[in-house]
Structure formats: structure tokens, C-alpha cells
């Protein structure tokens, strides 16, 4: 770390939406609501899929990982965001900012790769149903998850370390509501072409490659569905893949649209709102998408609620 970065060791200032005080008040309420929905929804999915033996399948193993990932993803951002939205203090400590930068990049990369793994799981289930449980055995599923988290961690360590080593000449004003890599690169006081090219190259590997694999998987899935003669079979296959495809569309659609925006002043607030959408809104939508289109998950959630009610009732009876 160079001497030019010494002043940044005291922390950073997250400008966020500070030029819109009234908007900050509204956003604090909206963010709190979506954070609550995210926690309740994803926790319910994790518990329901663990407690219901019918959901001990590869599909729900990956779904549990996605729900856990979303909980970690939002928790790495929202508490600090709410502190900055609620009061005049917009600062974040150097350690807090660095931690958020690494974790945010790690979890974001993990979600990209995890969605690709989930699409392969759906491809195997639809295109090779007789060999599904043999191919997607627990050992392979675990290896895939470990690989996804490990590759994403390596990507985060590489890119974030490159970014933090850029001299900032005392600049500590981040025009964002979180410590995100592009915002950190912008406050560097040297030519950042090398880092930007590294980000672009790894972005292709982490974002576009999984997206390509997802599209190929669903191409084969579409062909397999069209070959199914019964409408009931087609509908079951569509329902099996529909939830995942919806989540992929929301997640990748937002990211691709955001990073294709021109870097002018008119698009700054738009970029913040889009980041807000895929970091706050998307994790809260995932549980709704997977429960509304999935009968097995609905039944598991009903059982979970029933068990909770019975437990509460028995406790009341004991007290009385």
C-alpha cells in the first residue's frame, strides 16, 4: 500500500443519495422492508428444504446454497447502508470498506457461477431423467459447490487486491452507497487501464461464460420439452425450469443492462438504482419465484408453518 493511500486508511465517505435527502428517508424504509422479506423468505426456504425429506435432492441442495448466498449478500451491504441513510454520517471505516469490497465481489461472482450450475442440474433432470440421480450424486454436487465458491473467492482476491493497490492520492469520496469495485477504481489518481482490462477479462469468465452455458443448457432443455408428447409432461418440465429461468433473467438482465450504460453524469443515479435493484430487490424476489411456481416447496412451507403452530400451541398448553 503506497503512501498516497495513507489518508484513505481513516475511511471512506459513501455519497450514495446524499444529494436527495427526502429520497434517503423513503429508501431507508424500502430497504428495511426488502431486507426483512429477504431474511424471512430465504430462511424459510433453507429450513423447509432441510426438514422435508422429499426436498433432499440436488435441485434443492443448490437452492439452499442460493438462499444462503442471498442472505450473506444482503447482510454484507444493508446494515451499513441503513446507518448511512438514517443519519448525516456517510463514512465507512477502511477495514469495513475493504471487507465489503471483497465479500461483495466474492458473493456476486458466486451467484453468477451458481446459477450456471443450477442450469446444468435442470438440463440433466430434463434431458437425462433416467440417469439424473446417478450423474448428480451428492459427491459431485458438493464438489461443484466447493469449486464455485473457490473460483469466486480467487476472482475476488485478485481483482480487489489490484484495485486497492491503486494510488488514490488521498481521494476517499465514493460516489456510491457501497464499496463497489468500479467506484473504487474511479477514485484512483493514475491510469487504470490495466486494472480495467483485468476486470473486463475476468468479467467475461465469471459473467458471460456462465451465461453462455445457461443459454446452451436451456437450448437443449427446450428441444427436450418439445419432444415430450403429453401436455402434462411439458407443463411439469416448464414448471421445473421456469423458476430458475426467471431468476436468471432478473439477475443477468439487470447486470448486463447496468454495465452497458454510458458512464455519463446523467446515468450515475440510474446506475445506483440498478445496483440497488440487483443487490436488494432480487434476493427478496428469489424466494417468491421459487415458492409460487413450485408445489413441492409450497407443501414444505405449509408443513413448516404447521409445525411452528403446533409447537407454539404445545408451549401455551404447558404454561396453562
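The backbone N, Cα and C atoms fix where each Cβ goes, glycine too.
As the structure is a computational prediction, the values presented were derived from the model and not from experiment.
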In TrEMBL, one of 83-101, 102-120 is tagged transmembrane segment. Which stretch would that be?
102-120
On average, what pLDDT score does this prediction assign to the domain 'G-protein coupled receptors family 1 profile' (41-290)?
85
Dominant neighbour of the transmembrane segment (102-120) in 25-50, 62-82, 140-164, 200-221, 272-292, by Cβ pairs under 8 Å:
140-164
Would you kindly list the residues that approach the transmembrane segment (200-221) from elsewhere in its chain, counting only those six or more residues past its ends and only Cβ-Cβ distances under 8 Å?
109, 112-113, 115-116, 119-120, 122-123, 126-127, 151-152, 155, 158-159, 237, 241, 245, 248, 252, 255
Of the stretches 25-50, 140-164, 272-292, which racks up the most C-beta pairs under 8 Å with the transmembrane segment (62-82)?
25-50
